[in-house]
Structures are given as C-alpha cells and as structure tokens.
C-alpha cells in the first residue's frame, strides 16, 4: 500500500516491530495431542496421514486414504454446526427450500472477510469525554497494509467443519482443455483420458447430475426460451449439480459430508477404518527437518483450552483453502513474511502467493416476461373467473397439440384450481431454474442462470420470487506474477496468524476485454427472459466475491520453469511428504466453478500417496 508521511502507519511500517506470530520461535517440544476419546478402539497418537481442513477436498483425501487402510486425523479451525450430519449442507432443511431468500442470512453469517482496508472515516460527534483514537492502526479487524485499490474486497473464508460446502451452490462443471491444468505433457489425448477418469470418480463422490430439475416448470421455461433464441449458436443445459432429488419439492444438496462421513472410526458401520476429526483446532505451522526434505510434525493449538500440541505423521496434507494453505506455509518458513521484495526472493517456494487469479463476476436479476408467464398455461382450457361458481381449468392429456408435457400441465391445472387466489399459474413449490451455457472458446466465461442464495441478491418481499431469474456470469483471469497474496510480519488476524494482504488487479488486455464482452452477453441474453429487477441492474461485483481464488500455490511440472509450488501429484517441490489440495493448485485462467477440478487433483494425489506410503497395521480392539 502506498502511504504518505502524514499517515500514522507510514512511520510504524518502517520500524523493526514484528508481530508475535512473526517473532515466535518454532517450538520443538510440544506434547502430542491426546485422542478425542481414549476408549476408541485402535486409537493412538501417531497417524499415517494428517489432513488440515475438512471441506470437500480434505474429505476426498480422507475417503481415499481411510478406505485404503490408512490411519487418518483431520484438523479444522472451525466447529461442528451443521446438525447430525457433520459437515452437511445447511440448505438441506425444508425451511430454506421453501424460501431460498432466507438462506442469504446464513451465508452472510458464515463468511469472514480476508483483508479489510482501514476505514479512515472519522467519527467527530463523540462526546468529548469518550476516548478517541489518534491513529489509523488497527481497529475492527482492519488491515492498514491493504491498498484498497488493489484488494480482493469480496474475498472471504468460512471457518466451520465442512467449509464453504455447507452453503455453496453445488455447481460442479468440468473444465475443458482450455481451462484445465496439464497432467500429461505433449499428449492431449492421454491428458483427456486421465482427466475423464478423475472427473468421473469425483462426480460419483459428489453425486453430480444434470437432471434434478427436469420437472421444474420455471427451469424448462428459461431453458427452452434460451435454446430457441440461440438455436444453432449456443447450447443450453442444466448446470451440473452436486445434489440428489429426494422428492418433487426437496433436493439434498451435496457437501463435504457427501464425499466422506466425518464420524470418528472405528465405529459400528466401519469397524476396520481409522479416522478422527478434531474441530476447533488452529493449525499454526508444519515443522521441517534439518535438510528441508520432509515434514516432521504439525503444530496445532486447541482453541477451546489454548493448549498446543505437536502431531506426527508419515504424510501431511493441507486442504485449508487457497488463503489458509498459503498462510500456514508462510508461517512455517516457506515463502516469506512481509511485503514481497523482488530483490530478495524467498529460498523455499519462491512463487508461493504469486500469479494468483480470481474470476470477474457480472450479475443482474430479471423478472420473467408476461409472454413467458402466459405460456405456462397455454394448454389449459379456462372457463369462468377464479373464485366464482363454475370456474374450471382443464387440459387434454397426451394431445398432439399440447406445447407442454403432461406432468407440467397436471401441475398447472392443480395449482390453478387449488389456489384460485394466486395470479400466477406456477405452483408455489415449483423448483427453481438451474440453467447454464458452458464455457466455450467463442464465449470464454461460465454462466449460471438460476435462482439461488448468495451473500447478495436477496429479493424484496414485494416481488414474487417465482418470477425472478438470477444471472451470474464468471470470467477468467490470466495469471500474472504481479498479482499476489502476501502475509504481514507486523499485523495478525483474529486467530493470531499473519494477516493476509492482496496486491491484485484484473489484467489489462484479454482479461479485461473478455469481462466487458461477458457483461454485454449477459445483458443481451437476460433481456430475452424479461425486464431487469429494480436495484439489480447489470453490474460488475466486488473483486473476490466469486470466492474462486486460485493459483496461490500453483501446480506444474517444474518449479522454476512453470513458476509453481507443487507437482502434478500435488506434492510440494523438494518435500517427500507434504501435499497441498484445493483451488490454490490450479495455475490456469478458468471461468467455471473449480471445486470438481480441485477434487480431481486430490484423487490423483491420493493415488501417489497410496503407491509411496504404506498404511500402519490395524490392531482390532481386544
């Protein structure tokens, strides 16, 4: 951040002060962590594998390795707050599926901003007796080192068991060749084959499908209209969704829990598996051996008791997210604390936190047109007026002249007869639209044409939500070295770890032009469905609001040639037992949702671990 000498932080930043986290010597004599329940059969202290983070990527590692016989411990800074199914999606309640706008508050309550610039607005109307600050150092968790002009202001994290999968959209598209990282050099067909294998397995873990909304009137209304308008130009389909439809009005949305049941093992259902989950544990650093070739222990802090422990394992896997993986590594001596200095690059992982990417996002909401709404009941024969004696609504099942299938017409007829007070012919519990036209070279952005809850975009009570269609288009960003995530040696976050700071701008040239083209595309396309909702006109959203941060610990074939941190098995260069998982591995410019791709890379990583590390023997309880 560029500061002037009149800014109080200017002089402070030039001092030799270091935060407690930056000063802290790496302890080497921490006690081992006791088991969560010493009565659990087969429990002991040393593990085959420790996993940091309990989101879908951590659960992918857990599933693959626990089922292969490894003794696994998982640590998460968050607590269990998703009910009986640990790490389950919080939208899996009837209440939120009946009123999706209520779920907005859940998302907002879960997200914690990563880097907030100092608010320099002075409250000069306080009582003269009240204490008043004379500087702009740190207040309300703000970051005085963050340049507001180079921030990802919308970037946030979720600190609960299950991570963001407890409130995500469940969109799981595959990347095409243009977006994917290469796993096989100089052989596109072989690369396609390995990706197809990985994607297929990941989709089975997530229960990804493209037919959960086949019998939604609103979904088909939007899908068919767009397919007609763009016939021969664009292909429209349902968004690939990690979800299972349980009945016509209820969907079970997938989450970390879908990938792996986070119950401790051994248990009745898995008597020969070994797994333990430790919530509310801050993982502070990994300890390197003297030769910098392996990790010897993980240092953690119990957030409830305040006690610190050293955890030993054969394999260490960090899946705490693109920000926190990088934060933990920097706090462990990888990369470097403090503002990046090109003249003095770090020795370990010099590209850590460089070349970061985040998608551009355009958003609007439309109210469906009268033409579309009237077409819903086009097969109905209507006699009389609603509420009057003799009013009837009927249709001819199977008639060749019908524009809609019988399931559609039956729903409309029943609704119009049973709810004559409703001016809309769409049933109250009709599922929302979930439409996309996928990323393609001619239109290199991802689209979500749907009705869902985000941290923004709630609809006021005066507008019937059945009429609303959300439009979210995601644009790719070229990786540039100057776009960085770095960590302060002076400021700490709420968990006493080095404060993350962004130095980011969308690059000029291709990235910026595609973002502008994407906005135009959304405006033209959305106008074919209806008029804009007041207050939700087409707009670019805050950088980072997509929450698809990537490239913080990039993947490649060669550390120096590819400017990266991990190889194609997600193993940190130079270390035989340290692995990183998540979107931070993805080094490419991508527009689509990255979770399925990150999960696929985790599956490949597990294949390497299983080939190179042997599970410890399992001793059944006596």
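Every residue, even glycine, has its Cβ placed from backbone N, Cα and C.
Source: prediction; values computed, not measured.
What Swiss-Prot says about this protein:
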type	residues	note
SIGNAL	1-28	signal peptide
MOD_RES	167	tele-8alpha-FAD histidine
BINDING	448, 450	substrate binding site
ACT_SITE	548	active site, proton acceptor
ACT_SITE	593	active site
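This view paints the features noted in Swiss-Prot onto the structure.
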residue: 167; record: tele-8alpha-FAD histidine; Cβ within 10 Å: 27
residue: 448; record: substrate binding site; Cβ within 10 Å: 22
residue: 450; record: substrate binding site; Cβ within 10 Å: 23
residue: 548; record: active site, proton acceptor; Cβ within 10 Å: 23
residue: 593; record: active site; Cβ within 10 Å: 26
In whole Å, how far is residue 167 (tele-8alpha-FAD histidine) from residue 448 (substrate binding site) when you measure between their Cα atoms? 16
On the three-state reduction of DSSP, what should I expect for residue 593 (active site)? coil
Just to verify a number: CA distance, the residue listed as 'active site, proton acceptor' to residue 167 (tele-8alpha-FAD histidine), in angstrom, no decimals. 14
In angstrom units, rounded to an integer, how far apart are the Cα atoms of the residue listed as 'tele-8alpha-FAD histidine' and residue 593 (active site)? 14
State the Cα to Cα distance, in Å, between residue 450 (substrate binding site) and the residue listed as 'active site', rounded to an integer. 15
